[in-house]
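Right, one structure below, let's go through it.
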Protein chains: 2
Amino acid sequence: MASTKPPSGMRDYLPDAVTKRRYVMGKIETTYRRYGFLPLETPTMENLSTLLGKYGEEGDQLLYRVLHRGEKLSRALTQPGVGQSDLAELGLRYDLTVPLARVVAQYGNSLPRIFKRFQIQPVWRADRPAKGRFREFYQCDVDITGTTSPIAEVEVVSATCDVLTELGFRNFSIALNHRVILRSMIEAAGIDAALEGTALVAIDKLDKIGVDGVRDELTQRSIAEAAADQLLTMTAGADTLDNAGRIEQLREQLPMPEAQDALNDIATLLELTADTAAGTRLCLSPALARGLSYYTGPIFEVISDDFSGSLGGGGRYDNLVGMFSGKQVPAIGFSLGLERILMLMEEAAMFPDLQMGAKVMICTLADTPLTSVVGLANRLRQAGIMVEIYPEQARLGRQLQAADAMHIPYALIVGPDEVSQQQYPLKDLASGEQQTLDEAGLITALN
Amino acid sequence: MASTKPPSGMRDYLPDAVTKRRYVMGKIETTYRRYGFLPLETPTMENLSTLLGKYGEEGDQLLYRVLHRGEKLSRALTQPGVGQSDLAELGLRYDLTVPLARVVAQYGNSLPRIFKRFQIQPVWRADRPAKGRFREFYQCDVDITGTTSPIAEVEVVSATCDVLTELGFRNFSIALNHRVILRSMIEAAGIDAALEGTALVAIDKLDKIGVDGVRDELTQRSIAEAAADQLLTMTAGADTLDNAGRIEQLREQLPMPEAQDALNDIATLLELTADTAAGTRLCLSPALARGLSYYTGPIFEVISDDFSGSLGGGGRYDNLVGMFSGKQVPAIGFSLGLERILMLMEEAAMFPDLQMGAKVMICTLADTPLTSVVGLANRLRQAGIMVEIYPEQARLGRQLQAADAMHIPYALIVGPDEVSQQQYPLKDLASGEQQTLDEAGLITALN
């Protein structure tokens, strides 16, 4: 008999898991909607021409491709030296940013000029499965396209703070940096612009491997020791300063006009968030680099004090949409690490008691007139109550056991007398208490 | 520049479409939950060994297969005569019934013995796209596994009636038949059991091509004219009878014990639904055949009087889960045609006014202190109000136009005086009326 497990790195979500996932997604959605974000959904499959070249070489390798069928496949297979690119033209969604860029390019005129969207959908990556790393997992993105206003940054960041607070996260901060500040630090340290990418990879590890570790990495990456030290002074030397102090220090270290402009952006952002949930959480972190090369302005990362690693991140990327539309459309986005959030909430028992199934189970006796029971269930359901009927003849003990196993809090035991007198004993399964009620009483008690 | 359209037969759901789809899915989910159905979600990809051979030859051809990668692909391509089956081991979900059967086989012991689940997820079929036919579309299934009790049939059918009623459908009925009655009619007509399948395909068309059309088809399908006539008498001859009359007529026409048992099942089902929404809608229809060969008991189809074609259907299938688990697990299910329901609701303007975006847009003047505006928005949002901030400096007319385009009903115009006096003019964009309110007043007016 064939395996009945889901494919490697993918999961079946049984009712308990779906309920928890939906609780979190619901909180996220409600909060983002309060900020005026609108929902978007895109197809599971995209043309490979949309996906390839957007995620770097490693991304291209991790894409799932959909095999040609019929004629097209036969034709491809007769070609000499047939390879991967001859066998597929569709791939599975790899993130939610590229589909957004495609959508803005395609429907630009029928969308609001300043488009605020949230999107919670699965993506697929053929990565090696590991603890907390799946091949099918959900992403949760908010983005604002069409404006360079710093209000957009403020909205995205404070909405995200609200989401995390709503979910019960308390001790987190948002590391903040700016792509142009990073570039200016590289320049000020006398590092060749061609080495910017490799230098940033090393700097990004400051939290994990410390100053000495990063210095070693920088020199291994062909950066002179003096330059490495100078870069480390700027990125790691500000630990005791508050945001204003850091800005002042960077203003001195980075006199070039584009860096001064970027520091103005940062100062504006900090000022505008003063009266929001993000106000006390933003923390200027010159070592924050984030991997993605498409960022052009402010970048963010949520750091939890209770858990290592990030809960999400984002930044401004003003050039990506233009790759699809041919015209410049500025954009800022934030992606929450949904699977990570779910895992941490599970580990820290942060879920409230989520009512999953029915509120009451109707149990019957061997001679109960079932048509009346079905009718009663129907009327209770019309009143909005979640009702289960135990569908088989069984000992009462077995029926109550089933209710218990499904965490159904009440049982209604209905025999022929109850039907004829229209008085029903409602049993609280936790306390064992029982009260006899008519139909109106049941509706009041169970609602 | 590459195309920015979604792949053929697949759709981008823009905010308006998502909002309508979620409205319908939400109603479906709420209703099914009232019956105690629990949510299940399964991965987009399944092992091909799970999918192949379950949907007939045509189904196998319409499956999307996921191309091998890396080493595995290279190895496959060096084989002489490499074909489709060497290039893929994963496929995309084709329906929601086979994944359910796999899940019940895999997790049987940790699920309730009688498992009631609903599932609303997309499926993929490489069909030729046409009006109302997509390659990616949602299915919406409810099933009960683990019991042969007729209460299960009743729950599934009356829940589905409730769903359709909740959505605003009024004139629909549920055609009802039984697999064993169909088989017995074939036998009673003297048609060889080997021709049962082909005879049922013809009978199923009675609504579309009439008695004469079906008689022609039956004879073309190697069925003797006398047998065809006898079969047609049983299936088409009951038009003027009510359910009780039809049962009585079939009892006479089909004296074999298994047919009498099946008629008892039907009678029980009709009796049990008497006090539910399904009571007046069930209609015994001896010509109802439904395509799927896996049905073993009662079968159903929702027929709308206002729209041609079916809104959904289902039936009992007691052998499918056993194909995965090796042990018999009875099951009954119903699938709603979600895409069709959405299309009909759109055409008949059955959607209520769905509030999609923000309730109020805050518009600012050139010299408005923005930190205060962001703070005000933050406090209104904390009070549960959906608030949009126009993020750029622009003429007031342009800001109000944007609010209007997004169907935002109110605007709050905030200049420096409003900030200092904490009195805000709230403008109703439909009527043009304006009232000046403090923050508490805004929260009351907008909630």
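Backbone N, Cα and C atoms are what each Cβ position is placed from, and that goes for glycine too.
The domain 'Aminoacyl-transfer RNA synthetases class-II family profile' annotation in TrEMBL covers A:9-369.
The L-histidine binding site annotation in TrEMBL covers A:Asp95, A:Leu96, A:Thr97, A:Arg125, A:Gln139, A:Asp143, A:Arg290, A:Tyr294, A:Tyr295. Classification of A:Tyr295 (L-histidine binding site) by DSSP places it in coil, neither helical nor stranded. Around the Cβ of A:Tyr295 (L-histidine binding site), the number of neighbouring Cβ atoms within 10 Å comes to 26.
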Residue among the binding-site residues A:Thr97, A:Gln139 whose Cβ has the most other Cβ atoms within 10 Å: A:Thr97
Which whole number of Å gives the largest C-alpha distance between any two of A:Asp95, A:Leu96, A:Thr97, A:Arg125, A:Gln139, A:Asp143, A:Arg290, A:Tyr294, A:Tyr295, the residues noted as binding L-histidine? 22
May I ask which residues of the same chain, at least 6 positions away in sequence, place their Cβ under 8 angstroms from the Cβ of A:Arg290 (L-histidine binding site)? A:Asp204, A:Ile299, A:Glu301, A:Gly313, A:Gly315
Across every protein chain in view, the count of C-beta atoms other than its own within 10 A of the C-beta of A:Asp95 (L-histidine binding site) is 17
Per DSSP, to which secondary structure element type does A:Thr97 (L-histidine binding site) belong, with helix, strand and coil as the options? helix
Where does the mean pLDDT land for the domain 'Aminoacyl-transfer RNA synthetases class-II family profile' (A:9-369)? 92
